[in-house]
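As recorded in TrEMBL, the features of this protein are as follows:
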type: ACT_SITE; residues: ASN9; note: active site
type: ACT_SITE; residues: ASP198; note: active site
type: COMPBIAS; residues: 296-306; note: compositional bias 'Basic and acidic residues'
type: COMPBIAS; residues: 316-325; note: compositional bias 'Low complexity'
type: DOMAIN; residues: 1-111; note: domain 'HotDog ACOT-type'
type: DOMAIN; residues: 167-281; note: domain 'HotDog ACOT-type'
type: REGION; residues: 294-325; note: region 'Disordered'
Amino acid sequence: RIMRPDDANIAGNVHGGTILKMIEEAGAIISTRHCNSQAGEPCVAALARVERTDFLSPMCIGEVANVSAEITYTSRHSVEVQVNVMSENILTGAKKLTNKATLWYVPLSLKNVNKVLEVPPIQYTRKEQEDEGKKRYEEQKLDRLETKQRNGDVIFPIINPELHTVGYSQSSLIHLVGPSDCTLLGFVHGGVTMKLMDEVAGIVAARHCKTNIVTASVDAINFHEKIKKGCVITISGRMTFTSNKSMEIEVFVDADPFVDEPRERYRAVSAFFTYVSLSKEGKPLPVPQLLTETEDEKRRFEEGKGRYLQTKAKRQAQMQQAAQQ
C-alpha cells in the first residue's frame with residue numbers, strides 16, 4: 001500500500017511501528033491460510049514471537065510498501081514465516097529492501113480460543129531446509145522460556161530524576177483494548193501491540209537525546225500470553241544501554257483484565273528496541289551516555305552491552321562473508 005502522511009514520524013519518514021504492523025498482518029494472513037488449508041476445525045493464527053528485525057533503510061511518505069511473506073518451517077503446533085518489505089518510488093521505479101523479519105504463529109481454534117490445533121506440514125525441497133528450520137524452532141522455544149522467567153520487573157515513576165538517567169527518560173502508555181484492536185477471536189492483533197511498543201520506545205529515546213530518533217532494529221519480541229478485548233494494557237519502556245551511536249530500550253506490556261475478569265495483572269509481551277539519533281540532515285549523532293544509579297540498572301547496562309557486542313560481531317562476520325563471495 002502507499003505510505004500516507006498519517007503514517008509518518010516527526011522526521012517525515014514512515015513510523016517504525018507502522019512497518020511492524022504491516023509485517024505482522026502479512027504473517028497472520030499467510031499462516032492463517034495455511035492452517036486452514038486442510039479439512040478440520042477453523043482457526044486463526046496468533047503471533048507468538050518475532051525474531052530480530054533490522055530497519056535496513058528508511059521508507060518515505062509517498063512510496064509504495066510491498067510486503068511479501070513465505071512459510072519456511074512448520075512444527076506440530078507452530079508456523080515460521082519469513083517476511084520481506086520493499087519500498088518502491090512510483091515516480092522513478094526504484095526499489096529497495098527496507099526490512100526482513102521472521103515470525104512464529106500458533107493456530108487457535110475459533111470454537112475454543114485456548115485450544116492449539118495441529119499445523120499442516122509443508123513440503124521441503126531439501127532435507128537441510130527442514131533440519132535448519134527445526135534448529136531455529138528449538139532455539140526460539142528455549143529463548144521464549146528464558147525471557148518469560150525474567151519478566152518480573154515493574155517500572156515505577158521517579159521524582160525529579162537527573163538528566164540522562166534511566167528514570168529521566170522512562171515512559172508508559174495506557175490503552176484500553178477495543179474491538180478494532182482485535183482479531184476474530186477477540187484478542188489483540190500482534191501488530192497493534194508492536195506499534196504501541198514502538199511508540200513508547202521512541203518517546204524514551206527522544207527524551208534521552210532531545211533529537212530526532214529512528215528505529216534501527218528490534219530484538220526478539222515475545223508474546224507470552226494473549227490480551228483480551230476489554231483489557232487495559234500498560235506499555236512501559238526504559239533505557240537499558242547506550243553505545244556511542246545507539247540506544248537499547250526495554251519495552252514490556254502488562255495487561256489488566258477490566259471487563260468480567262477476576263484475573264490479576266500479568267506480563268503479556270516483552271522486547272528490546274534499538275534506536276539511533278539523527279541530525280536534521282539525517283546524519284547519525286553521538287548519543288549521550290546513560291547514567292546508571294542502582295545495581296539493577298548497572299546489571300541491565302552490562303547485559304545490554306553484551307547484546308550490542310554480540311550483534312556487532314555477527315554483523316561484521318556477515319560483512320566479511322559477503323566480501324569473500
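Cβ from N, Cα, C; glycine included.
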Neighbour tally for ASP198 (active site), based on other Cβ positions within 10 Å of its Cβ: 27
For ASN9 (active site): intrachain residues, at least 6 apart, with Cβ closer than 8 Å: HIS15, GLY16, GLY202, VAL214
The compositional bias 'Basic and acidic residues' (296-306) - residue tally per DSSP class, helix then strand then coil: 11 helix, 0 strand, 0 coil
Local confidence of the domain 'HotDog ACOT-type' (167-281) - pLDDT mean: 92
Tally of residues which DSSP labels helix, strand or coil - the domain 'HotDog ACOT-type' (167-281): 26 helix, 54 strand, 35 coil
